[in-house]
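First comes the structure, then the notes that go with it.
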Amino acid sequence: MEPYAAAEGGGGGGGGGSTDTGLEESMWRMGLGGGGGGGGEAVAAGRLPERPGEADCVYYLRTGACGYGENCRYNHPRDRAAAAVLNGGGKTTHSAEYPERPGQPVCEYYMKNGTCKFGSNCKYDHPREGSVQAVMLNSSGYPLRSGEKDCTYYVKTGHCKFGSTCKFHHPEIGGVSETPNMYPPVQPQPISSSHPYQHLAGWQMGRPPVLPGSFLSGSYPPMMLPSTVVPMQGWNPYISPVNQVASAGGHQTVQAGPFYGLSHQGPSAAVTYGSQYAPLSSSTMPSSSSKQEPAFPARPGQPECQYYLKTGSCKFGSACKYHHPQYLNTPKSNCMLSPLGLPLRPGSQPCAYYTQHGFCKFGPTCKFDHPMGTLSYSPSASSITDLPIAPYPLNYAVAPVAPPSSSSDLRPEYLLTKEFSANQSASPGTTCGPAGAMLKAYAPHMLIRPQTSGAGGMVTTHGGEL
């Protein structure tokens, strides 16, 4: 290294010797060339073109070399250090001077933002007269350009990755719009002084029918819903109406309305069967007079509209190109609702969904028939004792309870199985007391239906009066 250092210190002569060996160019590119003579830079400057009217080659100012060589169209000054200081050190392309090309179109990006991401490599004109107009920014710091299109990214997300240099319009994001009124305004109603809760006098009682009223004391108000906000009557056919009845003991009780054909009749507490089918109310089903059904075209030669077959309607209306069978256009106003709340249409096609699952997701709006062929009880019965309710296990047949009578001959007889001896006397726990006591003493499988007389190795045991 000492001979090379001496040669470098020799000035121009050393530079010429190193050029012959080929080491001068390599050392000059690495920025190690120096000395008083500066022969390395003089040689490099002589090889690269000097164009005083053009912008300085940024790559040359950074590295001291240019890959384009003599074909580079930019200026390569001999004093590279001084040119780098004038151009801001030559660290970024944005700090370089933008070229002026009078014969070329004006750079739109430069005219809007005052900068150009292509720098000196841009092929458009960048006038120096400061023709860049000041751009107004919105509250978020993004430019407002009324004549341009809205920035789609900003409209969707509220942000823009280009910031103030974006060439699109960024409108002000307005405040949150007021929520539209989903419910009608509540009108003040007169308050009755006899109501236990005067501020809730205009509201309607609402309590699940499965919750007995005896669990809630009269001093606690039940859940109430204003009738103007949530209509309780008839808004959903699957929910039975609720009737508020005040008991004499001070407790508020709730009695369930018609459910599966049950209804309250008369002042008695017994629940009897009502009518078999409930008529369809106008609140749950629009009538033909108030709303006329759209006419769907019948095209026998075309495939059937699957959406129409499933829902009974077609969103395309008369413009639909598929076939709409006319037998599905049954009037809705003349149908009846079954105890399940589903329409009965004897002349229509049975609902396939109801046939498979036992219920219909379309409810009373379904246009198909929902037959009630699976109900085994008689809706014309007049007493709740005739309900098909088994107080004991269903696989055990127990004799029905006989009416009370003073005669001992009318008492029911229970037969014991062969497991008990004929000479064994019945214990008091089995012959006296109600049927529940007998069931506690003997298992249900040991009891069979009563007979008038014993037969075939079986012993008759007389029960007590029930």
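Glycine residues also receive a Cβ, built from the backbone N, Cα and C atoms like all the rest.
Of all ranges given (345-373, 403-431), Swiss-Prot attaches the label zinc finger to 345-373. Looking at 212-240, 299-327, the stretch flagged in Swiss-Prot as zinc finger turns out to be 299-327. Among residues of the same chain six or more beyond the zinc finger (299-327), those with a C-beta under 8 A of the stretch's C-beta atoms are 348-349, 362, 365-368.
Each residue in the zinc finger (345-373) gets a DSSP state, and the totals come to 9 helix, 2 strand, 18 coil.
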